[in-house]
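Quick look at what Swiss-Prot lists:
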DOMAIN    9-242  domain 'PABS'
BINDING   Gln36, Glu111, Asp143, Gly144, Pro169  S-methyl-5'-thioadenosine binding site
BINDING   His67, Asp91  spermidine binding site
ACT_SITE  Asp162  active site, proton acceptor
Amino acid sequence: MTTAPETSGNWIDEHHNGVRYGLEGRVLVEETSPFQRITVIDSQRYGKGLLLDGCWMTAEHQERHYHEALVHPALCSAKAIERVLVIGGGDGGTARECLRYPGVKHLDMVEIDGRVVDLSQEHLPSIGGGCWHDPRFHLTIGDGIAWAAEAENAFYDVVLVDGSDPTGPAEGLFNRAFFSNCCRILKPGGVFATQSESPEAFRQVHIDMVKLIRELFGHADPLYGWVPMYPSGWWSWTFAAKDAPRYLTVQSERAAAVAEGSAIWSPRWQQGAFNTIPAFIERELNQ
């Protein structure tokens, strides 16, 4: 289990199953919203960062490892990208990356906790960048689970889930009913993607998620990458589609438009990241 961030001297630590992950720095904000405990820190190594209920979420100088991995395999492969849904993502990083594509005409972001948005805009403005003022961006402070349940069939070209760990307000982002609705509201030729935890620190959660998403969508595969401040540093994102594993192949014109401005993602990186699945994970997924 993960416990509250612990400060010892100048260190802010996240504890998880006998292991701790820490950054040297200082706490800027510590408050409890109606949904969760929110901590904003200023670290020496990664700049300002955000924790929710004691879990590291993002930081200025390493957030691209996460946001680029979630967004670009989906946006570079979906048949169309005019209408995008982001569930969660209150720091703005996922929306920022999506809005780099001129083909995105309308982006809905549904974040349950308005204080995450407020504090991210105040303390972490570089992560959201200009997304907050983009006319294509539409923010709703509300329940993303309910939004997915109430949305029309085949309404979105891309659905991205940028949620926290499966506890507290994000717990419902990991179950059959939610993923079924995400599948239902995805257009033909669309791509779904979600962060799917660490195959080391959250091994069973990761395996169960990939299996369930594959069952519901028909095609799903995990992509593996590195997020330095997350438990074990080894993280995953799972991509799914209903017609074919289209997320494995990028559309070259879209890729060329965003690759130069990306710090982590490239078509070559993506190909390698999909192919780094460890044998023990592949065996368990195929059981």
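Glycine is treated like the rest: Cβ placed from N, Cα and C.
For the recorded positions Gln36, Glu111, Gly144, Asp162, a Cα-Cα cutoff of 10 angstroms around His67 (spermidine binding site) retains Asp162. Annotated pair Gly144 (S-methyl-5'-thioadenosine binding site) and Asp91 (spermidine binding site), C-alpha to C-alpha distance, rounded: 15 Å. Taking the binding-site residues Asp91, Asp143 in turn and counting surrounding C-beta atoms within 10 angstroms, the largest count is reached at Asp91. Here the binding-site residues are Gln36, His67, Gly144, and the one whose Cβ sees the fewest other Cβ atoms within 10 Å is Gln36. Neighbour counts of Cβ atoms within 10 Å were taken for the recorded positions Glu111, Asp162; the minimum is at Glu111. A Cα-Cα distance of 10 Å separates Glu111 (S-methyl-5'-thioadenosine binding site) from Asp91 (spermidine binding site). Spacing of Asp91 (spermidine binding site) relative to Asp162 (active site, proton acceptor) is 10 Å (Cα to Cα, whole number).
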